[in-house]
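Working notes, beginning with the structure itself.
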Amino acid sequence: MSDRSRLTGKIGDETLIEMSQNSLCDGDNNGFPHDTDGYPQPDPSESPTPYINPPDHGSCESLGPGVQGHGTCDSLGPGVQGHGTCDSLGLGVQGHGSCDSLRSSLPSIHSHHSGSDHSDSSPERGQILRRLSTVTGLTGMWRKRALFLKHRSRVDKHQQSKDSVFFRDGKRRIDFILSYVDDRDGERKQERRKEYEANLKKAGLELETEDQSESDDGKTYYVKIHTPWDVLATYADVLKIKVPFKANDIPAHKDIPMNWLFTPFRLPNHIMNPEPDYFTSPFNKEKIDFFLIDDKETFFPPSVRNRIVYYILARCAYYKEDSDDKNKKGIKRLLNNGTYGAAFPLHDSRYWKASRDPNSESERFSLYKHWARFFSFFKEQPLNLIRKYYGEKIGIYFAWLGFYTEMLFFAAVVGLICFLYGLFTFDDNVWSKEICSEEIGGNIIMCPLCDKTCGYWKLNSTCNSSWQSHMFDNVGTVFFAIFMGIWVTLFLEFWKRRQARLEYEWDLVDFEEEQQQLQLRPEYEIKCTSRRLNRVTQEMEPYFPAKSQCARTFLSGATVIFWISLIIACIIGVIAYRLAVYAAFASIMKDSPTNNIHMVGSLITPQLATSVTASCINFVIIMILNVMYERVAIWITDMEIPKTHLEYENKLTVKMFLFQFVNYYSSCFYVAFFKGKFVGRPGDYIYMFGWSKLRNEECDPGGCLIELTTQLVIVMAGKQVWGNIQEALVPWLLNWWGSRKARSHPESLYSRWEQDHDLQNFSHLGLFYEYLEMVIQFGFITLFVASFPLAPLLALLNNIIEVRVDAWKFTTQFRRPVAAKAHSIGAWQEILNGVAVFSVVTNAFIVAFTSDMIPRLVYMYAYSPDNDLSMKGYINNSLSVFNISGFSEDNRPDDGESPEWFNSSVITTCRYRDYRYPPGHEKQYTHTMQFWHILAAKLAFIIIMEVGRTPLATLLEPAIETEPIERAWKL
């Protein structure tokens, strides 16, 4: 048996045996034998019982005692349960579906009698028992084979492909699947399903149910839904779905010069353009002859069919006609209360293999082969095929993501050049040399950075951090900040152009939200019991009383404010941690114990240790608050009962982005604009909340920019890694675990609807989270990019992976989403515009107040010795002097905290970072004129950056000519 078969799993306590390709039977022959030598053969003089196409629940004639039959069953022995057509099975055999394959594979069990007159006679029963004894004598092999074929017949009945997307008749297409498990105590659920399915039939849909015995787990029922032509035509008219009426006779564009250079990046034409180009018009049921209808069954593509079915499912009631409760409507409520477990359209094939059914398009396989595999990352995206398979809404998302990734390439190149400039100009970094010099930095004694536990320190101890800071804080920083202000404007304007082109190519030019997205949500129709006359349409429509709406809006706003306040409280807690822990790190590291750590020991300073640990804690808090707030945001948006799907998405988008904006960016804002800005001076320090003993943080002499870079890298990179784990690894693990039982069976036992049922559900907010992730990333690379020129490069690398991960996820890990139309990225466009405008301000402030570039430029052009435009003496010029005797007991370091080299009788002053007059001066400890010169230069830079962007955007918009193109296409 070892060379003829293999074990494939268990059903109950029985081991299944599947024959290999070289054995007795194979899957391609549906269980029929290749070679039956050595096996019991039927008498050739006997004619086999003809095949009978069984009804779902027919009659069984002449069954023995204890038999339960469904279908036409002839001459079964006692104790037999039959489903379908089963002829002359022996004692204890259970038949499901057509038993031709079983009869053919077991030639010794052919029937001698097709009638019922002798089914219970002793000679006949004896003959059957003798034949069964022959079978069971084959060491149980045929019994296991019979069990295998019994389960295989679930999919192979009527010679139907296991990947079929059609009803049992092989003609009617499955447009939607409903699944459920029939609970023992689920009488109310049964009643709901009965009424709901009855109402679906009244609406014109055709249903076919797969019994639980036919399912892989033996528990799940599957209701297959088909939409006949009349229903499709009716709702296509209602939804104003555009269909072709004439082939496009406009000449194609001429080839682009040097087009052959892009050949490696191209996809085959049948993938890029899966269907011909037509002129289209909204469908009109009364003018069918006007449209190009070759075949009514294929005229509407599957994406349109499932969209129409979902429209019906979302509005179909599940109450009786005489019921007083009219709120019982929609598949969403039935899914929420557990009446149904899942509702989804089918994929058209397996993703790794094209369907054998010639009527199946196998577009899923094409998408996986040409788009969803990582090694296709350099190829263009088949946007037309994505749009055809998933709908315009998902197509627009991938078009935007691809365009955003393309534009990131230019920002990444310029950012890398700026970083390399900082790397290669180390030798010209005069101020870092002065800090690291024993003659200059080694002789400058700095004031303590915290009270009591921090001692005096030498400036050259920050040598490494000053070199690191130079890589990001140099002349290139100013140039890159200006460049990114131009880049973000170009990105948004060119996207408008690309979006307008897609709007034309996908026939969405006159797509109006009022016609499609502004259809009332079923939840709104159910909740709104009041109606009033619409003055425009002159029709009665539901409305929500203003008093109730205001109350819900007020509660929603209060909830959002509460959660944002919670974020701010957490950020304050992290700041308090930074202030408290810095003193501890300073005390521990005063004798440089980290120098013993290989490679990085000399790089670890109290500032770095504090910044890294605080950033990690902040990242964990961000992730926890995100999980909690997502649920709250959805709940309060549902509570507001938005009128339309568009309104629902816009409200949720604003709530989620506002929260995420504060959650992700608040720590970066603190480091960029608050840390080191409000510290006071030695002898007059400023404390947190004024009364606490936590002294506000200072920036080290290298500046706070390197800390902002650290914070940005940890939060941005951590979010991208965590996001990819959530998007790719978690769905894969869930699918792997959910389909573990099915993997032990042969592929022929795993039907198309069961395969899709075991995938993850793609919720109606699935695309919302994809946009949110990318927009948050867009904020990181625009709002704080002046502090980290490599941010666009990291985003580019992430997005190259992101495009393929999203494609792989949509194609392999998720059920097919219901198709939806959209002509733009919606509210995200306005959010991107707002972030772009705000980014110019933040980058200007980062260069002005976080970077040291402007103080250096002011020194070089106005205060350098002998006006030689050099940076010599800059460090000494940028540090003020304080008399140690001016420290109070609360500020002075405790005994033993200062290093051994410090001698208070010799060293009487310390230095600190500011521009103030020295002790003994008539204006001692007040700001010098240089401070005001630098402040004026900073404000001038901010004004130039902000004012300069406005005329630039004004010039670019007409140059790109988005609106003229839109008007021309509409004409």
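Cβ atoms here come from the backbone N, Cα and C positions, even for glycine.
Residues or ranges marked as region 'Disordered' in TrEMBL: 1-66 (among others).
Annotated compositional bias 'Pro residues' per TrEMBL: 41-53, in sequence order.
What TrEMBL records for 102-125 (among others) is region 'Disordered'.
Taken from TrEMBL, the feature coiled coil covers 186-213. Within the same chain, residues 83, 96, 167-168, 172, 180, 219-228, 230-231, 234, 309, 312-313, 316-320, 328, 334, 337-340, 751, 753 sit at least 6 positions outside the coiled coil (186-213) and bring their C-beta atoms closer than 8 Å to a C-beta of that stretch.
Look at TrEMBL and you will find 386-963 tagged as domain 'Anoctamin transmembrane'.
Under the heading transmembrane segment, TrEMBL lists 397-424 (among others).
According to TrEMBL, the transmembrane segment annotation covers 475-495 (among others).
Within the chain carrying the transmembrane segment (560-588), a Cβ under 8 angstroms from the stretch's Cβ atoms is held by residues 449-455, 606-607, 609-611, 613-614, 617-618, 621, 625, 629, 632, 636, 655, 658-659, 662-663, 666-667, 670, 688, 694-697, 897, all 6 or more beyond its ends. According to TrEMBL, the feature transmembrane segment maps to 560-588 (among others).
Among the features that TrEMBL reports, transmembrane segment is placed at 608-629 (among others).
Marked as transmembrane segment by TrEMBL: 778-801 (among others).
As annotated by TrEMBL, transmembrane segment applies to 831-850 (among others).
Long-range contacts of the transmembrane segment (778-801) within the same chain: residues 374, 377, 401, 404-405, 408-409, 411-412, 414-416, 418-419, 472, 476-477, 480-481, 484, 488, 661, 664-665, 668, 672, 705, 708-709, 712-713, 715-717, 720, 724, 832, 835-836, 838-839, 842-843, 846-847, 850-851, each at least 6 residues beyond the stretch ends and with a Cβ under 8 Å from a Cβ of the stretch. Panel annotation: around the transmembrane segment (608-629), residues 465, 563, 566-567, 570-571, 574, 577-578, 581-582, 585, 589, 656, 659-660, 663-664, 667, 707, 710-711, 714-715, 718-719, 722 of the same chain, lying at least six beyond its termini, place a Cβ under 8 Å from a Cβ of the stretch.
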